[in-house]
Amino acid sequence: MSLIDWFAARRKDQFVGKVSQDADEGDGLWVKCSECSQVAYRKDLISNFNVCSNCGHHNRINSDERINIIADKNSFEEFDSLLSPTDPLGFKDRRSYADRIKESQAGTGLRDGVVTGICSVNSMPLALAVMDFRFMGGSMGSVVGEKITRIIERATLENFPILIVCASGGARMQEGMLSLMQMAKISGALKKHKEKNLLYMPLLTHPTTGGVTASFAMLGDLILAEPKALIGFAGRRVIEQTLREKLPDNFQTAEYLLEHGFVDVIVKRKDLKTTLAKILKIHGVKELAEANT
């Protein structure tokens, strides 16, 4: 959309929008790409799946946007939406954990950092868990772990494949050992899913780090990733200081992991649904109408 077209569209409102520095920041009508500094009209960016049309940078998107990209229209049925975290340790740093929970819930409209449910992709069933980085950095606490475990168990019971969209800074430190045990719990549920020869795919988005990477994010039959996603366990600076070596510029990117065999395929956001449908079909997943006959 050109400037002339934009002003024509906005003339009745007589409003000049500010430029946001990030696609998920504020409500400015214009957004500056954090990679190439190209300024884009926010509506155009949204219509392009929040991907910069100039350099292809994939901006963060929330769980609702992700579900709309993956699932057939009106097919997503959410489960366990009322599960909400508590503060079992009475944890407090500069602020209490309880206050941080309330703030994140108010800011995102979510109870915790993952949305789970069943949907269809081109009429084929798929169990889906989508982590949302807006909620305390997508950190994995007891509720996140419980919801992911429950959707895996449901997928195992109903013989459905599962996709987990990973976007996380790792285990939630405010819950201590309770958060760390989610790594084993989810991994155990995935083992039972695998024993039934069912398909599990993690989609690694920016960022996927810490305990999430060290557990279910790397246990897939087919590991997908978005372009240039940050994927790793410890931070780059920590590794460099420990090894006393300079790491490659593209270290811990999706492309680096693909080159070294830790990721199977990098999928652009616009191609995600088509790619998932092909994978499901290749693995013999039947359409819901066919499966019920």
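From the backbone N, Cα and C atoms, a Cβ is placed for every residue, glycine too.
What Swiss-Prot lists as Zn(2+) binding site is CYS33, CYS36, CYS52, CYS55. Residues annotated as domain 'CoA carboxyltransferase N-terminal' in Swiss-Prot: 29-293. The feature zinc finger is assigned by Swiss-Prot to 33-55.
Neighbouring residues of the recorded Zn(2+) site, listed in sequence order and excluding CYS33, CYS36, CYS52, CYS55, comprise SER34, GLU35, SER37, GLN38, SER53, ASN54, GLY56, HIS57 (Cβ within 8 Å of the Cβ centroid). Classification of CYS36 (Zn(2+) binding site) by DSSP places it in coil, neither helical nor stranded. In the shown protein chains, 21 other C-beta atoms lie within 10 A of the C-beta of CYS33 (Zn(2+) binding site). Cβ packing within 10 Å was compared across the binding-site residues CYS52, CYS55, and the lowest neighbour count falls to CYS55.
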